[in-house]
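Step one of this worksheet: look at the structure below.
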């Protein structure tokens, strides 16, 4: 956008008078990387946060916009979703390092009144349509229309708790890092200063004991403190809540990225245990753990990666965390773990984490763009984690990008083949139902499906399912709906939205339905997978 690109959005704010104490320090646009500047103030960010739509802003800027019920239109024409805010610790660290290298002062938070003045001026000066006033309900974190019932939630968390209780290998079997020093020269540095802690509630004896070990100068104390935290939170729900404090979380943020395998592994396992309780899930994510968990997933030890995948699964169960975890980049490393992890449990947890993330539309698109569909279809062919993969494919088939990728990837033939392989085996009942569910989702409002299903011989196997004495009523109901689609629902070309779409295509081609019926079988225009 030339020289007007970065500051065009708020170019007027330089004319507002402000004292040095209220106006944040300004850095030359030619020297400061664009991504370090808040899109609203145009200044170096002191406390960067990621919003739900993926952009990074100064925290106070987001707070002002939310308080004024205003969603700014950015210079690229987009309007950010301010419903969720998560600290961008990686960006903050990068900015501070950049300042140190360039011998610049660290950025200070802008004055609230100054930012409010900037935003209000923007609201008053923009032409109609350039900004967007929104209702409070649009700014507050969204609530899913079809949220999981308590029984569903309890079922999922019961599985995670069971996994946590059985996952702890003997702590003495964990290898110590060969180069581990006996002592550190400094104590563990958390993101809080001692003065910050003075305003916190007093510690319980249990928390104080763990806290003292985690802040010790001795690495062995760190290990012992983490092992104690891990064991204490493994099965006691009350303790999991009481020990999920800002103090402990701050120390865990430092320890989870430790270069010592045993420290990193026990820190990750402790996060899994703490995340089991619903009140802790939002707290952990809002404390900035997701980027750290992703880093460990990409480059940590094998056992630490396994625990991190379990933590992401547990955190993704919470509705308000799904968007944030997706925005911060968990999808691709989870897909890699699903495909390549040596641990069966890690692969299963990765599939479940991705399933819960895919319950919201934005994450479905991320999965499709990351190449999830061909990868998962390949796994279905080889029989890997079939039931859970099929659940994921059901979700992806619900979005247009996913449905298109599945049809292009020969999903109908693969799914029908999977049904034939499973037969009526009780052991494959879940996979069969998920397989039929995926086919049903693909069939909805899609003209290509009928031809592809016919080529794959779907009608025969689906008829067997409906007429079989075994199988659940839900399975038979889904199969019946697909058969109705294949048989035209009382009309050769179907009814409703599909028929209307078909007629529009025929009219656009200059053909009538009768012309198509007469000539379509002679090679000119076949309703098949080539369509």
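Glycine too: its Cβ is placed from the backbone N, Cα and C atoms.
Taken residue by residue, the domain 'U-box' (31-105) breaks down under DSSP into 25 helix, 14 strand, 36 coil. The domain 'U-box' annotation in Swiss-Prot covers 31-105 and is backed by sequence analysis.
Here Swiss-Prot flags 167-205 as region 'Disordered'.
Annotated repeat 'ARM 4' per Swiss-Prot: 361-401, in sequence order. Same-chain neighbours of the repeat 'ARM 4' (361-401): 322-323, 326-327, 331-332, 335, 338-339, 347-348, 351-352, 354-355, 409-411, 414-415, 418, 430-431, 434-435, 437-438, 441-442, counting only residues six or more beyond its ends whose CB sits under 8 Å from a CB of the stretch.
The DSSP breakdown of the repeat 'ARM 6' (447-488) into helical (H, G, I), extended (E, B) and coil residues amounts to 34 helix, 0 strand, 8 coil. Among the features that Swiss-Prot reports, repeat 'ARM 6' is placed at 447-488.
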Restricting to the repeat 'ARM 6' (447-488), what is the model's mean pLDDT? 88
